[in-house]
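One structure is given below, represented as structure tokens, and several questions about it will come after.
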């Protein structure tokens, strides 16, 4: 017998978004870890907001939204907020009910400075790392430091001479720029839209682009990322980040009362040679 679409919708529903998520879905374990880490940050969140006024979007939801955008490669905050309106998995992960309205994409930009000011992202990362340490999933035996370039949200057209007089462009939306015959470098030029971004390339024969240096420390026994740092791509960022992160990691290990550290690192210069003995 042929089934036909039901034209009449259900008036009441006793199902929640969580009922639609399979019991073995990997996000269930991620949600438990994220919720535990965010609960530890509750005093920090209390200090970020006033005791009076209209309630904000919970910072826990904003941080977990960033996780979802990374996991599912959602390319923009605007698109994520659109998907949040109909994606039951996203709603369940953010502890939102069926009747809760999706928040506006401008919420991210309005709260980003507040989160950065209180170093919330790093505190969140360290809270998750603490869970891994408590579960015995980290060691202090062997670490690797590696870096990569992440492209800045700035066009090469914005890379202009530092002493250039600012004049209104012919086309304010996408002005025509001719770099032919010009020598451009970080000493003489800077981006007008992202001054901290620098012109960099990964190696010989690679294209130069406005970028930052993203550096991470991997704990090799369990394959976990244990520290992260973003620095200007000045040619020495990977070395400097290695020193900074390994020293910070060593101090955290001491507070956690770990055993004697026997780390093996690649020493790329005399400066990094004494980073961790």
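Including glycine, each Cβ sits where the backbone N, Cα and C put it.
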TrEMBL lists region 'Disordered' for one of the ranges 115-159, 160-204; which is that range?
160-204
In TrEMBL, which of 236-256, 257-277 is tagged region 'Disordered'?
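When 236-256, 257-277 are checked in TrEMBL, region 'Disordered' belongs to 257-277.
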What is the average pLDDT across the domain 'Transposase InsH N-terminal' (19-114)?
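On average, pLDDT over the domain 'Transposase InsH N-terminal' (19-114) sits at 92.
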